[in-house]
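What Swiss-Prot records for this protein:
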{"type": "ACT_SITE", "residues": "Lys198", "note": "active site, proton acceptor"}
{"type": "BINDING", "residues": "Ser18, Trp19, Arg39, Arg40, Lys113, Ala147, Arg262, Val287, Glu289", "note": "NADPH binding site"}
{"type": "BINDING", "residues": "Lys113, Gly143, Lys198, Asp251, Ser261, Arg262, Asn263", "note": "sn-glycerol 3-phosphate binding site"}
Amino acid sequence: MIERVWQLVSVAVMGAGSWGTTLAKVFADAGNTVQLWARRESLAETIRTSRENPDYLPGITLPDSVIVTSDAQAALDGCSIVVLGIPSQALRTTLVEWRDLISPDATLVSLAKGIEKDTHLRMSQVIAEVTGADPSRIAVLSGPNLAREIAEGQPAATVIACEDENRAKLVQAAVAAPYFRPYTNTDVIGTELGGACKNVIALACGIAHGFGLGENSNASLITRGLAEIARLGEAMGADPRTFAGLAGMGDLVATCSSPLSRNRTFGDRLGRGESLEQAREATHGQVAEGVISSQSIHDLAVGLGVEMPITQAVYAVCHQGMAVREMVDALMGRSKKAE
């Protein structure tokens, strides 16, 4: 039985992609009434009538307590928890449209795993800047959370990070379902960096797999990838312990190893010799988050003087035209050093 500290709350999940739709189901299964916002009215109508999201989560039936709308004002009205399921590079412009519709004391929960291009801001910083919300009102949900597995009710755990521990506990209580176990912490920086950087490492693992490399290579990329994520985190003031937890190693392993991972799958196509454009076409026009984040994180690391060789290699493949063979040689030919 799930322990509850607060009463059930009203939740708005803004974004009907695979993860947003899944979390709407989780919040509903936890006993809450949920507003799920879809950008396209045609998709909202389809979900309302069929109780299924055929575009992003086919085969999963949503509870009747998930109310679907394409009207942002209706979705946000009076909700005490607002879950932002918007891609990282679209978050700023979308929030400009919504900021006056959000309740002044609502807890804002970010799902986006990325670093904003050009500004190099984390998503919680973008939310605070655009909405004017105090950082203590902004939480981050991150962990080894492959959407379809969770939507199917397979057991999983996640992290709710917020500067205000009580707000983190409020979200924890609201999203805890029999198959979904949330933990809390107050390290927003580390939680966000783990989520953003793992997409880049997952691209590297996918590239290696597509190139024909085996499990030794995959394990090496994951462990050395974690090391460089932790170095960046330390330089930015994160708690090093975060990277050994669900938002660090947990998310990294799931994303780097599963064929359900969009970033790993995208990288696999690059490793097999497809161009970025070919890989994009094969994934219905979607660019993996790690492709964009590789540039932001690379620039961030250079600015802070942090060594991130795997990120540098992925950046070179995605943005500078480096061949995969060159990427492998560059990583293996680096100067020798202690672990």
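Placed from the backbone N, Cα and C atoms, the Cβ positions cover glycine too.
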When distances run from the Cα of Glu289 (NADPH binding site) to each of the recorded positions Gly143, Lys198, Asp251, Ser261, Asn263, the nearest one: Asn263
Residue pair Lys113 (NADPH binding site), Asp251 (sn-glycerol 3-phosphate binding site) - Cα distance, angstrom, rounded: 11
Number of Cβ atoms other than its own within 10 Å, given for Asn263 (sn-glycerol 3-phosphate binding site): 25
Separation of alpha carbons, Arg262 (NADPH binding site) and Asp251 (sn-glycerol 3-phosphate binding site) (Å): 13
Same chain, 6+ residues apart, C-beta under 8 Å of the C-beta of Ser261 (sn-glycerol 3-phosphate binding site), given in sequence order: Leu146, Ala202, Gly206, Ala254, Thr255
Using Cα positions only, nearest of the recorded positions to Arg39 (NADPH binding site) (Gly143, Lys198, Asn263): Asn263
The one of Lys198, Asp251, Arg262 whose CB sees the fewest other CB atoms within 10 Å, among these recorded positions: Arg262
Inter-residue C-alpha distance, Arg262 (NADPH binding site) and Gly143 (sn-glycerol 3-phosphate binding site) (nearest angstrom): 15
Nearest-integer angstrom distance between the alpha carbons (Cα) of Asn263 (sn-glycerol 3-phosphate binding site) and Lys198 (active site, proton acceptor): 9
Cβ neighbours within the same chain of Ser18 (NADPH binding site) - under 8 Å, at least six residues apart: Asn53, Tyr56, Leu57, Ala147, Arg148, Ala151
Least surrounded among the binding-site residues, given as Arg39, Lys113, when other CB atoms within 10 Å are counted: Arg39
Chain-internal residues near Gly143 (sn-glycerol 3-phosphate binding site), provided their CB is under 8 angstroms and they sit 6+ positions away: Ala156, Ala157, Thr158, Val159, Leu246, Ala247, Gly250, Asp251
